Structure formats: structure tokens, C-alpha cells
Amino acid sequence: MSFLSLLSPPRFSLITSQTTTTFAVHSSPSPPPPTSISLPTPPISDQSPPLSCALHCSHFNSCSGCTHEFNLHRPAIVDEASVFFKNFGVKDFSFDTCRLWGWRCRAKLAVRGSASDPVIGLYEEGTHNVVDIPDCKAHHPNINAAVDLLRKGMVEFKIHPYDEDQGTGLLRYVQMAVTTYNTSLPASERYRNGKVQLSLVWNSRNENSPFSDRLDALAKFLWKYGGPNSKHHLIHSVWVNFQTSTNNIIFGNRWRHLLGERDLWEHVGGIDVSMAPSSFGQANTRAFDSLLRKLHKYVPYGTSVADLYAGAGVIGLSLAAARKCRSVKCVEVNKESKLSFEKTAERLPVSVDSSISWHHADTSIEPLTWLVGADVVVVDPPRKGLDPSLVNLLRNISSVERKVNISGSPVAKVKDEKRPWVIRSKEASLQIRSQTVHEESQALPRTLIYISCGWESFKEDCKMLLSSKAWHLDKAHGFNFFPGTQSIEVLAVFKRGPGVGNKKKKPGKKKKKKTTLKNI
Ligand SMILES: C[S@@+](CC[C@H](N)C(=O)[O-])C[C@H]1O[C@@H](n2cnc3c(N)ncnc32)[C@H](O)[C@@H]1O
């Protein structure tokens with residue numbers, strides 16, 4: 001039996017839910033097209049056959065990764081989200097689902113245990129005990145295959161896993177990121193043949209530290225048995241990150257590329273995207289692609305976009321290409337994302353004529369700087385939600401706009417800029433100029449697009465934004481980014497003003513009641 005078939009989740013064919021949508025759920029190599037379920041619908045959780053959309057994972061009881069075994073296609077939180085949005089006037093909240101198994105293309109796993117019996121997996125709920133998850137059903141199958149290979153290499157070269165209490169050992173974590181972008185394969189075979197960019201988090205200061213020969217031997221072993229000349233080519237490249245700190249931060253600052261191709265490319269949102277191991281990357285690439293395609297529809301052609309919490313700028317750059325944006329400004333606090341942004345921007349089609357920039361800055365500091373001149377602002381914060389300073393600015397956007405218009409350009413200040421964080425962000429920024437000269441606008445955004453992976457923080461932010469009547473909710477969609485959990489990704493579109501039904505009635509003459517004459 002082949003290695004892969006051991007890891008394959010069960011196959012199921014057709015599932016009919018109580019919704020009007022019928023959809024196929026396959027674990028087969030070619031993913032089913034993303035399915036959009038329009039809500040509200042009768043709750044389907046009771047009626048749908050639980051076993052056919054079930055996780056079927058042997059690690060479920062010990063691993064903290066998945067929290068729900070059944071109805072992977074529609075987490076119960078979707079019902080709550082549907083009611084929440086309905087209360088704020090959005091009656092057609094939809095939920096898109098994609099792959100239910102093998103969806104995770106990016107995983108960070110802890111390495112513990114001993115050199116003869118390494119444990120590579122996730123922490124047990126609420127503890128620092130690591131659980132082995134060789135048959136994880138969420139992982140892309142080649143992540144599991146790469147973990148197996150890594151385990152063999154560790155045993156072969158006596159690589160001691162990290163010991164948190166003592167601070168000893170060599171291998172602390174491993175990050176696996178899969179690319180499914182291989183245009184030499186037919187589209188239907190690309191996902192299954194994804195290749196893994198493997199990053200070893202090594203407990204030493206640099207490559208000259210003791211035991212670097214073991215690192216070298218391990219990397220060569222992985223390449224020999226998983227690289228392009230092996231029987232089962234699954235490794236794209238091998239990287240190392242040196243980390244000696246005793247805190248819980250996974251990565252240190254020092255990265256080295258060891259073997260294979262340096263650049264990892266994926267294709268999402270209509271563009272080729274470079275993914276450095278040090279930059280943020282979405283775990284569910286297929287679901288992210290459907291979100292981006294939905295997002296495109298809400299950004300009019302030729303607009304100016306501010307992409308806050310931008311990472312490597314995938315959202316902004318995909319909009320620049322798909323919506324021919326006049327300008328795109330990406331703001332991100334992690335300076336490591338700059339290189340991926342640069343590479344992705346270089347590969348944009350030549351027809352893209354936008355003024356594009358990436359800024360190394362903290363959105364929470366003077367957020368107005370980034371909003372001036374943008375028609376649309378896209379925010380994609382971490383799970384904890386928006387920074388309070390940004391929420392405050394957005395809540396008060398109308399009064400801020402009036403002040404900006406009265407006092408003239410706030411950007412005028414930048415001429416003799418002295419604020420160190422603005423100077424730093426300018427130094428670290430990257431600018432790709434458009435061929436066309438556009439007049440700089442001083443307007444503030446009329447559309448806010450909030451992409452959220454943290455439902456609880458989103459609800460709070462959303463209520464705050466709506467309570468000031470500066471915004472109203474126009475559209476909302478959910479995406480099944482994390483099957484097996486109660487987390488969903490939300491795309492919510494806010495428009496300026498209180499919205500229909502929330503407008504204050506102008507005081508005026510009361511309309512006289514029409515008297516109707518009835519035949520008696
Ligand atoms: C959920 S990720 C989204 C990244 C990107 N939009 C994407 O989809 O690839 C959130 C990003 O926000 C960044 N971030 C967190 N706090 C920030 C802040 N205060 N200012 C700017 N960026 C921040 C993180 O480094 C991370 O890259």
C-alpha cells in the first residue's frame with residue numbers, strides 16, 4: 001500500500017442537505033468547487049448525515065487542533081453568525097465551504113520527546129505536552145509525509161528534540177508550508193502533488209554553533225529522501241530558523257535557506273504570490289482563494305485601497321490586479337513580509353498600472369496616516385481584532401473628515417516629518433509608481449471591508465463601529481477556513497452612514513393621514 005493511501009481520508013460522494021444547495025464532498029484529489037450556502041435556512045445540523053461530513057481522525061481525543069468531529073461542512077457557529085448579521089440588517093449572509101480534509105497547507109508543529117522516539121505535533125489542550133499526530137486529517141497529506149520523513153531523519157542522526165525545562169536539545173519546532181502551484185501538472189493533480197517548504201527551528205545561535213553538522217546531515221537526508229530525485233518528491237525546500245530564546249515565541253530573527261528553491265510560489269486571488277517562511281501565510285489556501293474572489297466584487301474598478309494588517313500584501317496586490325486600482329497602500333508590522341511583497345509585486349501582470357506601496361508600520365499608531373486618500377479600506381487583523389485606536393478613528397470618521405477638510409491636508413505635516421515611527425515606516429517602505437499621474441485625494445474611505453478570523457473580537461468591533469452610526473453593514477459572508485473547529489473566516493462590508501432604516505427622520509410637517517372613503 002502506498003504511503004499516501006494510508007493517509008487518505010475516506011471517500012464520500014453526494015450529500016444532500018436541507019438547504020436548497022446540493023453539493024459533493026470528496027476527499028479526492030480534485031477539490032469540489034466552493035459551495036455557497038445562502039442563509040438563513042432551516043438549521044441543517046440535526047438532519048444532515050453526521051458521519052459523512054465527520055473528521056474520522058484517530059487523534060481527535062488527544063490533539064487540541066480540532067474541536068468538532070461532525071458536520072465539518074457547516075460549523076454550528078454559522079447559525080449564530082447568520083442571526084447576528086440579520087440583526088444588523090444583512091439578511092443574505094452566505095457560507096462557503098471548500099475542502100473538509102487535507103485543507104491545511106501551513107502547519108507549525110512542536111518537536112519534543114527523545115532522539116530515539118521524537119514526538120512531532122500539537123500541544124494537548126491546556127498543557128505543554130505534545131501529542132504526535134501522524135495521521136492528522138486536517139493536514140495536507142504531504143505535510144504528514146514530511147513529518148514522517150523528519151522523524152526518521154531525527155532518529156538516524158540522533159537529533160535531540162528541545163527540552164523546554166532544561167533549554168537543551170536541538171530541534172524545537174518545524175513549520176511546513178505547502179505550495180500547490182505547479183503549472184506543469186494538469187490542474188486536477190496539482191493539489192495532491194503539493195510540495196512542502198520545511199523550516200526547522202534550531203536551538204542554536206547560528207550555523208557555526210556546535211552540532212551544526214547534524215543540522216547539515218538532517219537537511220541532506222530530507223532532500224535525499226523527499227527531494228526531486230527521490231521516489232516520492234514531496235519537499236520543495238529546507239530552511240532553518242535559529243532560536244535560542246526561552247520564551248514561547250516560535251521563531252527567532254535569523255533565517256537561512258539550506259536546500260531547494262528559495263522562492264515558494266502559490267497562486268491565489270488571480271495572482272502569483274511569493275511565500276517566505278518568515279511571513280504570515282494563510283493556512284487554507286483554497287478557501288482563501290474563494291474569499292479573495294468574493295472580495296474583488298466589493299471593490300469598484302479604479303479605486304484607491306488601504307490594506308491594513310497586510311502581511312505580504314496578498315489582498316492589496318490581488319485587488320491591484322483584478323480591480324485595476326489607482327493605488328494600493330499595504331501596512332504591516334512584520335518587516336519580514338517586505339521581501340515576499342516585493343517579489344509578488346514584481347510578478348504582477350505588466351498591465352497593472354497602480355501606484356503600490358508597502359509600509360513597515362504599526363497600524364495602531366496614527367492610523368489616519370494610512371486612511372487619507374483611500375476609497376476603500378481593507379482590514380485583516382489577527383484573532384484579537386482591530387487595535388482600539390483604529391476602531392476609534394473609524395467610529396469617528398465623519399467628524400475627522402470634516403476636520404481634515406477644514407484644516408487642509410494632514411499629509412502636509414509629513415514634509416517636515418519628525419515623528420520617529422513615521423520616519424521609520426517611510427525608510428522601510430517600498431514604492432512602485434504607476435505610469436499614470438493621479439491627483440492625490442484627501443478623502444477618507446466610504447467602504448470598509450473587514451476580514452476576520454476571530455469571531456468574538458469581530459462581533460465586538462462590529463458593534464462598536466455600528467453604534468456610532470458612522471457605518472452600516474452592507475454584506476457579510478462566512479468561509480469554512482478551519483473545518484473541524486468552531487472558527488470561521490468572515491468577510492463583512494461596511495458602508496458609510498447609518499444605512500436604510502437607521503437614518504434620523506428630518507423634522508418637518510407631518511403628513512396628513514389620507515382619508516379613504518368607503519362605500520357604506
Ligand atoms: C491575519 S494576518 C493577515 C495577513 C494578510 N492580510 C494575509 O491575508 O496574508 C494579520 C497580519 O497583521 C499583522 N499585524 C498585527 N498587528 C499589527 C499592527 N498593529 N499593525 C500592522 N500589522 C499588524 C501581522 O503581522 C499579520 O501579518
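Cβ coordinates come from backbone N, Cα and C, glycine included.
Whatever TrEMBL says is automated annotation, not expert-curated.
What TrEMBL records for this protein:
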BINDING   Gln282, Tyr309, Glu332, Asp380  S-adenosyl-L-methionine binding site
ACT_SITE  Cys453  active site, nucleophile
REGION    499-520  region 'Disordered'
COMPBIAS  502-520  compositional bias 'Basic residues'
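For the S-adenosyl-L-methionine site, the Cβ centre of Gln282, Tyr309, Glu332, Asp380 serves as reference, and the other residues of the chain with Cβ at most 8 Å from it are Phe280, Asp307, Ala310, Gly311, Val314, Ile315, Pro381, Ile451. Counted over every protein chain shown, other Cβ atoms within 10 Å are most numerous around Glu332 among the binding-site residues Glu332, Asp380.
The S-adenosyl-L-methionine-binding residues named in the record, Gln282, Tyr309, Glu332, Asp380, extend over a maximum Cα to Cα distance of 15 Å. Remark: Gln282 (S-adenosyl-L-methionine binding site) has Arg106, Val268, Phe288, Val314, Phe481 as non-local neighbours, by Cβ distance under 8 Å and separation of at least 6 in sequence. Here the residue listed as 'active site, nucleophile' is positioned 13 angstrom away from Tyr309 (S-adenosyl-L-methionine binding site), judged by their C-alpha atoms. DSSP gives Cys453 (active site, nucleophile) a coil state; it is part of no helix or strand. Under the DSSP three-state reduction, Glu332 (S-adenosyl-L-methionine binding site) is assigned to strand. Under 8 Å, Cβ to Cβ, and six or more positions away along its own chain, Cys453 (active site, nucleophile) finds Pro382, Arg383, Phe481, Ser487, Glu489. The secondary structure of Gln282 (S-adenosyl-L-methionine binding site), as reduced to three states from DSSP, is coil rather than helix or strand. For Tyr309 (S-adenosyl-L-methionine binding site), other Cβ atoms within 10 Å of its Cβ number 21.
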